[in-house]
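Asks: Starting off with a structure, shown below.
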Amino acid sequence: MANSRFKYVRNFELADNLLPSTYLVVRIDGKGFHRFSDAHSFAKPNDKAALDLMDRAAKRVFEEVPDVVVGFGESDEYSFLIRKDSSLFSRRESKIVTLIVSCFTSAYVFYWPQYMPPERILQYPPIFDGRIVQYPSTSQVKDYFRWRAVDTHINNLYNTTFWALVLQGGQTTTEANQTLSGTVSGDKNEILFKKFGINYSTLPEQFRRGSTVVRSAVEAVNETFGIPATANAEPSVTEPEDPRKIANPLFGHKQKKKPRAIPPYDGTTGEIVVLHVDMVKDDFWDQRPWLLA
Ligand code: ATP
Ligand code: ATP
Ligand code: MG
Ligand code: MG
Ligand code: MG
Ligand code: MG
């Protein structure tokens with residue numbers, strides 16, 4: 001940008017740097033996806049291709065931004081956890097949010113033809129909004145993901161029962177709403193099982209639990225040591241076999257040179273994988289302590 005007498009307008013741009021040493025969560029959500037899902041004949045209550053496309057777009061965000069270490073998606077939304085000590089764009093809020101929203105949106109459009117049946121042509125450009133929230137403590141971050149995971153469960157149980165009443169039970173949408181008004185989880189499970197023979201707990205985990213994106217620790221450590229990637233290393237991330245031993249069976253015996261130390265893993269490298277796991281329990285975090293380190 002050359003200097004000119006107009007340059008003073010730049011002074012109106014305000015700093016919007018986020019707090020240092022704070023977890024950042026970016027949540028994006030599709031605008032008007034109720035209509036978008038109708039316009040593109042999404043299966044009800046869950047269109048698997050549409051969920052897979054969301055997961056692919058989320059992976060694209062991971063490819064672009066190494067500091068994104070956890071993703072969680074359901075329906076038309078995705079949340080992204082950014083490392084506490086990230087210095088991405090000097091932690092400028094608008095830069096971070098717009099980059100992630102735009103990265104996700106363009107990937108959603110770019111990969112559409114790969115995930116949708118050929119007759120399902122994109123009818124109009126989809127839009128996503130985004131926001132960023134700062135969390136000072138690990139317990140708040142865990143609770144954030146618990147909140148989204150519980151939301152996934154509640155919505156999916158409701159939608160599954162609602163659409164069973166409509167599509168299999170012949171109720172109108174108004175009637176189905178009435179049937180479900182005031183019911184608790186147990187009632188919905190019972191309606192599904194007694195009226196429609198559906199055992200809720202056997203439905204696909206992708207629908208019940210949502211999608212969790214992480215980088216595989218085993219892949220990352222193996223890469224560091226030039227060990228070929230093994231298929232599907234996640235979720236055996238707890239204690240990977242010491243790669244020095246795999247690379248050199250003599251490792252541990254009398255050696256002249258000191259072997260390279262395994263660098264502490266920080267969650268920013270390795271193969272990007274999509275899991276469908278329980279985000280309410282602590283296990284997910286306990287097995288991957290580097291995510292909140
Ligand atoms: P940053 O990520 O920091 O924005 P950048 O590579 O996008 O980096 P910019 O200062 O935004 O850099 O400049 C955009 C560059 O893109 C231009 O310098 C030019 O090289 C190229 N570019 C953009 N539009 C055109 C165009 N229509 N024709 C030719 N080159 C273009
Ligand atoms: P807003 O612009 O306020 O976000 P919205 O119409 O996008 O409004 P949401 O609350 O975000 O409303 O809900 C998204 C809606 O998109 C769901 O209620 C559902 O109808 C639809 N939807 C999203 N993903 C799928 C999917 N994979 N399968 C079926 N329907 C879906
Ligand atoms: Mg919204
Ligand atoms: Mg929406
Ligand atoms: Mg939504
Ligand atoms: Mg540019």
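Just so you know, glycine gets a Cβ as well, placed from its N, Cα and C.
Note that TrEMBL annotation is computational and uncurated.
Per TrEMBL, the features are:
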type: BINDING; residues: Asp29, Asp76; note: Mg(2+) 2 binding site
type: BINDING; residues: Asp29, Gly30, Lys31, Gly32, Phe33, His34, Ser75, Asp76; note: GTP binding site
type: BINDING; residues: Asp29, Gly30, Asp76; note: Mg(2+) 1 binding site
type: DOMAIN; residues: 6-136; note: domain 'tRNAHis guanylyltransferase catalytic'
type: DOMAIN; residues: 140-280; note: domain 'Thg1 C-terminal'
type: TRANSMEM; residues: 96-113; note: transmembrane segment
Asks: Please report how many Å separate the Cα atom of Asp29 (Mg(2+) 2 binding site) from that of Ser75 (GTP binding site), as a whole number.
Replies: 9
Asks: What is the number of other Cβ atoms found within 10 Å of the Cβ of Asp76 (Mg(2+) 2 binding site)?
Replies: 21
Asks: Helix, strand or coil: which one is Asp29 (Mg(2+) 2 binding site) in, per DSSP?
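Replies: In the DSSP reduction, Asp29 (Mg(2+) 2 binding site) maps to strand.
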Asks: Let me know the model's mean pLDDT on the domain 'Thg1 C-terminal' (140-280).
Replies: 85
Asks: Apart from its near flanks, which chain residues at least 6 from the ends of the transmembrane segment (96-113) lie with a Cβ under 8 angstroms of it?
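Replies: Beyond its ends, the transmembrane segment (96-113) has Cβ neighbours at 18, 24, 26, 28, 53-54, 56-58, 60-61, 64-65, 68, 78, 80, 82, 88-89, 122, 125-132.
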Asks: Just checking, which of Gly30, Gly32 (binding-site residues) has the fewest C-beta atoms within 10 Å of its C-beta?
Replies: Gly32
Asks: Within the chain of Ser75 (GTP binding site), which residues six or more apart in sequence place their C-beta under 8 angstroms from its C-beta?
Replies: Phe33, Thr152, Asn155
Asks: Which three-state DSSP class does His34 (GTP binding site) fall into?
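Replies: For His34 (GTP binding site) - judged by DSSP and reduced to three states - the answer is helix.
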